[in-house]
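**Q** To start, I am sharing the structure in question, which I have written as structure tokens.
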Amino acid sequence: MKTHLNKRIYVAGHRGLVGSAIVRTLRKRDYTNIVTRTHAEMELTDQAQVRAFFESEQIDEVYLAAARVGGIHANNTYPAEFIYDNLMVQANVIHEAWRAGVKRLLFLGSSCIYPRMSQQPIKEEYLMSGSLEPTNEPYAIAKIAGIKMCESYHRQYGSDFRSVMPTNLYGPGDNYHPENSHVIPALIRRFHEAKMNGAEKVTIWGTGEPRREFLYVDDMADACVHVMELDRETYDLNTSPMLSHINVGTGEDVTIREVAEVIRRAVGFKGSIEFDTSKPDGTPRKLLDTGKLAQLGWRPGMRLSDGIVETYRHFQQETVRA
Ligand SMILES: NC(=O)C1=CN([C@@H]2O[C@H](COP(=O)(O)OP(=O)(O)OC[C@H]3O[C@@H](n4cnc5c(N)ncnc54)[C@H](OP(=O)(O)O)[C@@H]3O)[C@@H](O)[C@H]2O)C=CC1
Ligand SMILES: C[C@H]1O[C@H](OP(=O)(O)OP(=O)(O)OC[C@H]2O[C@@H](n3cnc4c(=O)[nH]c(N)nc43)[C@H](O)[C@@H]2O)[C@@H](O)[C@@H](O)C1=O
């Protein structure tokens, strides 16, 4: 007999930062029937491959953590790939999941869906109330389309498709590419290399003044499973009739200068920091209002300084993905 622990759960993007943490969390909670495909095994932008997968695998639930992801430079340099890949991946997975009768799906968006100059902290209902940040607008537009797909399939077909909007994430298994990664992995690598090479200075992009909220990836995965385990009635009661997404964050933000200092200390780099103001700052601030998720009984566990120490420990053990 099928219990909730042996339902067939497909984690899309299981080798990425978030997907790998979701698999760890599901295993820790004794889920036994987790289905995965690497990018080489299934190209999610190809509808025929995605259709064949859902037709043969009898999936009960989907965590959609596969996407084209990168930091400010990657988003700004490859906008066509960020909009095309993300629209295609999510359209194929959401549509084919519906066709195959998948019972529940979780779509991962991003806090960059909200207006660049949004009121802070950002509530879910501020979606589409202003213009987006130009460095990642194509990615944000794709993510907004993903939310709207989940809402539309729920509205028209009653599909139990949900969305969470994570703040900036970091942790074990991140992408440490020198240019294309997000700020925390980029700076862990830069400070580490500077320490190893005996360099005197490390350069940080932008002014150091933007504020960001950072969530440890295992907390993010825990929030994803928490949201998926809510019954539909509770989920609906806590989202507004026209907006189905839920913010996930810590409720606290820091400046880039402050987070750089935390990383410098964790890595043990003794030199100085300089700022390259020819590089973009991006959104000045994006602090999520996480009241809805708190009301649903979830809170983060990891403090930023501890999470960075833990991530640096993993970085030193991992084969760097770069
Ligand atoms: N990291 C962050 O700070 C944030 C992430 N998010 C969201 O969380 C989700 C997960 O992000 P994250 O784990 O960081 O991203 P990663 O880049 O670490 O992982 C993404 C995964 O998706 C796979 N993938 C990408 N494109 C395809 C494709 N066309 N076909 C098959 N597989 C594909 C990748 O495989 P491969 O590497 O082999 O291409 C990789 O395993 C995304 O939706 C992202 O937008 C939201 C906010 C912040
Ligand atoms: C999660 C989120 O991630 C992206 O947006 P972002 O919040 O701007 O993320 P970021 O981590 O790349 O930068 C944060 C801040 O940090 C500064 N910064 C300093 N030095 C480095 C540096 O070396 N690398 C990077 N990447 N940033 C640096 C950088 O200038 C910026 O001010 C979105 O495109 C979108 O993909 C998205 O959803």
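Indices start at 1 and increase along the chain as displayed.
Cβ atoms are placed via backbone N, Cα and C, with glycine included.
All TrEMBL annotations are machine predictions without curation.
TrEMBL lists 9-231 with the feature domain 'NAD-dependent epimerase/dehydratase'. What TrEMBL lists as NADP(+) binding site is 13-19, 108-111, LYS143, 166-169, HIS182. According to TrEMBL, the site 'Important for catalytic activity' annotation covers SER110, CYS112. As annotated by TrEMBL, active site, proton donor/acceptor applies to TYR139. Look at TrEMBL and you will find ARG190, TRP205, ARG212, ASP281 tagged as substrate binding site.
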**Q** What are the sequence-distant neighbours of TRP205 (substrate binding site), meaning same chain, six or more residues apart, C-beta distance under 8 angstroms?
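**A** In sequence order, the residues whose Cβ lies under 8 Å from that of TRP205 (substrate binding site) (at least 6 apart) are ILE72, HIS73, VAL183, PHE275, ASP276, LYS279, PRO280.
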**Q** Of GLY16, CYS112, LEU169, which recorded positions come close to ligand 2, meaning Cβ under 6 Å from one of its atoms?
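**A** The recorded positions passing the 6 Å Cβ test are CYS112.
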**Q** Mind running the binding-site residues GLY13, GLY16, LEU169, ASP281 against ligand 1 and keeping the ones whose CB falls under 6 Å of it?
**A** GLY13, GLY16, LEU169
**Q** Please report the three-state DSSP label of ARG212 (substrate binding site).
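**A** Looking at the DSSP assignment, ARG212 (substrate binding site) belongs to a strand.
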**Q** Taking each of GLY16, SER110, PRO166, LEU169, ARG190 in turn, which of these binding-site residues have a Cα lying within 10 angstroms of the Cα of the residue listed as 'active site, proton donor/acceptor'?
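**A** The binding-site residues passing the 10 Å Cα test are SER110.
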**Q** What are the non-local neighbours of CYS112 (site 'Important for catalytic activity'), defined as same-chain residues 6+ apart in sequence with CB under 8 A from its CB?
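**A** Non-local contacts for CYS112 (site 'Important for catalytic activity'): LEU132, GLU133, ASN136, TYR139, ALA140, LYS143, THR283, LYS286.
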**Q** If one measures from the C-alpha of GLY13 (NADP(+) binding site) to the C-alpha of ARG190 (substrate binding site), what distance in angstrom results, rounded to a whole number?
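**A** Their Cα atoms are separated by 26 Å.
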**Q** Would you measure the largest Cα separation among ARG190, TRP205, ARG212, ASP281 for the substrate site and round it to whole Å?
**A** 19
**Q** With H, G and I counted as helix, E and B as strand and the rest as coil, say where DSSP puts ASP281 (substrate binding site).
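**A** It is coil.
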**Q** In whole Å, how far is LEU169 (NADP(+) binding site) from ARG190 (substrate binding site) when you measure between their Cα atoms?
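**A** ARG190 (substrate binding site) and LEU169 (NADP(+) binding site) have their Cα atoms 18 Å apart.
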**Q** Which chain-mates of GLY19 (NADP(+) binding site) that are at least 6 residues away have a CB under 8 A from its CB, listed by sequence?
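**A** Sequence-distant Cβ neighbours: VAL11, ALA12, GLY13, TYR63, ALA65, ALA66.
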